Amino acid sequence: MHLRSPSLRHLERAHARLLKLDPSLSSSTAGTLLSLYPLAAHGGASYAKSLFSQFLRASVLHWNTFIRGLSSGENPHEAIRVFRSMLRGGFLPNNFTYPFLLKACAACASESYGCAAHARIVKTGLELDPYIQSALIHAYSECKDLGAARRVFDQCDDRETVCRNAMIDGYVKAGELALARGVFDRMERKDVVSWNTMINGCAILGDLSEARKLFAGMPQRNVVSWNSMLAAHAKCGDVEGARTVFAEMPKRDIISWNTMLACLAQSGCSEEALALFDEMRRTDEKPTDATMVSLLSACAHSGALDQGEQLHASMAEHKIKLNTILSTALVDMYAKCGSISRAAEIFYAIEQKDLLAWNAIIGGMAIHGRADEALQLFDEMTKSGVRPDDITFVMVLTACSHAGMVKEGRRMLSCMKDSHGIDPKLEHYGCVIDLLARAGLFEEAAELTRAMPMEPSAPALGALLGGCRIHRNCEVADGVGRHLLHLQPGHSGRYVLLSNIYATAGRWDDAKEVRGRMLINGVAKTPGMSMIEPNGTPSSASS
């Protein structure tokens, strides 16, 4: 069987067929099932335990296979529990057991378990095994203890590439690129993994120049090398560079396609992303859930509802099952493409709703003007135990602003810090200032701009100035407008808005003075905008 991430249903069918061929199941066949069952979501570990309990004479090999499968499954803590059962059963772990156990410790980010395993490794005299050393370095790195990882590394044989690669990877993931480079440069025997790890580190940290140098210096490259370079360009927003790398790749795998699709979708090249998917479908590569997430994002940004619906329908054809991430992408796509009822239907079908899922539906309700539902969802989210973040509050406050819900907007801004410990940012203040200005509460809005712990942003002041125009409040417009012209001396719309506020109030000298400043600063009027002349008629800015 070559199932990389098998479903429980497929494994059960395979198990049944194997039992027909070999009712007693050979040790190797049972071992294969034992390693695969824990990888299956929703009950795979339980089936693995049941299968393991059927061994009348379990060997260390069987224990190792079971621990190995659990360490890669959805609940790696189970691998640690099974290891303890192995010890209680009187079995002696060997040099194959500990790398699997340490992988589980790394997945759990449990340094206490890792330290206990390390002590037992030393006690049994296996501390100099290079694969165990590599697993220890990885486990300590995943637990954010680079000091302990380095101490293990310093005991390694200088010639052991696997240990050096583990240390490089640990430094890279911690953002310590200079330390990673130090280990890399001192390596006598660099393999393709060494080079790929360094290039990937540069990609993660956005150092495109260094990634290019490393890539150019590689003695040999594989598809992972090309994918790392592609990811480096994508990470830095270099779409053209990513296109070039993708076109030059001698071989592509699904990661190559997914990286390029994500790069295009995130850069706003939605139509190109969808066209690239059509090209991918003419190859042997089959789309994955990551493929669909990128494509649904492209549909969301371009408003391509029909294509989004087609992608949704095709998931069954490609045997792609909905998970929380993919369902969230569907919620976002349907909401942004105008089908908020379909978005809500998919959201409520998600079993494990995380923060991203809640943000997607709350944001969808906000952009559709359904503020009451956005606030109700916010309350449901907090009651479910999911903590909001600053993005959640931007969406909720936007909903309040568009609906004119002043009381709720004030409450949300206040509870950000008081109830959730989140410091409001410019975006949050901007939403509330816009809300207050739209409601004609200029003094309160102006007071909020003065009370902010940071300089008010131009969009926030612009919202306040727009409110002044709606409610014809020249007094507040005086200070806000002058401040805006200082912040954005080249923004023609600010001059036009302030001039028109003065003109509407009959303050023609002030209106003329603003137009004069606009000419002196060399600011061109935007076509389609109008300035009110002294006779009360609009002067087209495009004339």
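Every residue gets a Cβ built from N, Cα and C, even glycine.
The repeat 'PPR' annotation in TrEMBL covers 59-93 (among others). Residue counts for the repeat 'PPR' (59-93) by DSSP state, with H, G and I taken as helix and E and B as strand, are 24 helix, 0 strand, 11 coil.
The repeat 'PPR' annotation in TrEMBL covers 160-190 (among others). Packing against the repeat 'PPR' (160-190) from elsewhere in the chain are residues 130-131, 133-135, 137-138, 140-142, 144, 146, 149-150, 153, 197-198, 200-202, 204-205, 207, 210: each is 6 or more residues past its ends and has a CB under 8 Å from a CB in it.
On the 0 to 100 pLDDT scale, the repeat 'PPR' (191-225) averages 91 in this prediction. According to TrEMBL, the repeat 'PPR' annotation covers 191-225 (among others).
Annotation source TrEMBL lists repeat 'PPR' at 253-287 (among others). Per DSSP, the secondary structure of the repeat 'PPR' (253-287) breaks down as 24 helix, 0 strand, 11 coil.
Remark: secondary structure over the repeat 'PPR' (354-388) totals 26 helix, 0 strand, 9 coil, with classes taken from DSSP. Feature annotation from TrEMBL assigns repeat 'PPR' to 354-388 (among others).
Long-range Cβ contacts of the repeat 'PPR' (253-287) within its own chain (Cβ-Cβ under 8 Å, at least 6 residues beyond either end) map to 223, 226-227, 230-231, 233-234, 237, 239, 242-243, 246, 293-295, 297-299, 301-302, 304, 307, 314, 318, 320.
Here the repeat 'PPR' (191-225) has, by DSSP, the following mix of helix, strand and coil residues: 27 helix, 0 strand, 8 coil.
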